[in-house]
Amino acid sequence: ALAGEAPPDAQPCQTLLRVDRFEVTLVELRGGQHSCSTWRSHYSEAHGLLFILDSGDLARMEEARKVLSHVLSHPDVSGKPLLLLANKQDAAAALLPCELIERLCLERLVNENCSPCRIEPCVAKRVPSAGLARATVQGLGWILRAAA
């Protein structure tokens, strides 16, 4: 597996939460390009796609572009909204949303696949009692309204 990827046999983690009037089940499917084949079984049940990207990891932008292209072009995903959380915005090398759009060819990808898209810059830290960051909550609200 690539650095930062979960082993291929890792089970997805589910999180239940309430955002606005919606009860949401988030299914965390970890990994990168080599894990895409295990994700397919979840596509038909998904109402939207939440893609978390390390916006400071310039070496893996091409891989992220390929993964997004592969996932968004799948018939069970095409047309569903995409929320891209541009994580690690506190890193010196972090790309801005406009730079991510260019590097990931995002405008072309979402237009070709008729998928509404929103980028939320964020700094996700594991703090047990802190709850979700404002950008994450705003992004989740957007994707839920877009999928409804």
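Cβ atoms here come from the backbone N, Cα and C positions, even for glycine.
Listed in TrEMBL for this protein:
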BINDING   G31, N87, K88, Q89, D90  GTP binding site
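Of the listed binding-site residues, namely N87, Q89, the sparsest CB environment within 10 A is found at Q89.
Within the same chain, the residues at least 6 positions away from D90 (GTP binding site) whose Cβ sits under 8 Å from its Cβ are V123, listed in sequence order. N87 (GTP binding site) carries a strand DSSP state (E or B). Non-local contacts of K88 (GTP binding site) by the CB criterion (under 8 A, 6+ apart in sequence, same chain) comprise D54, S55, G56, D57, A94, V123, A124.
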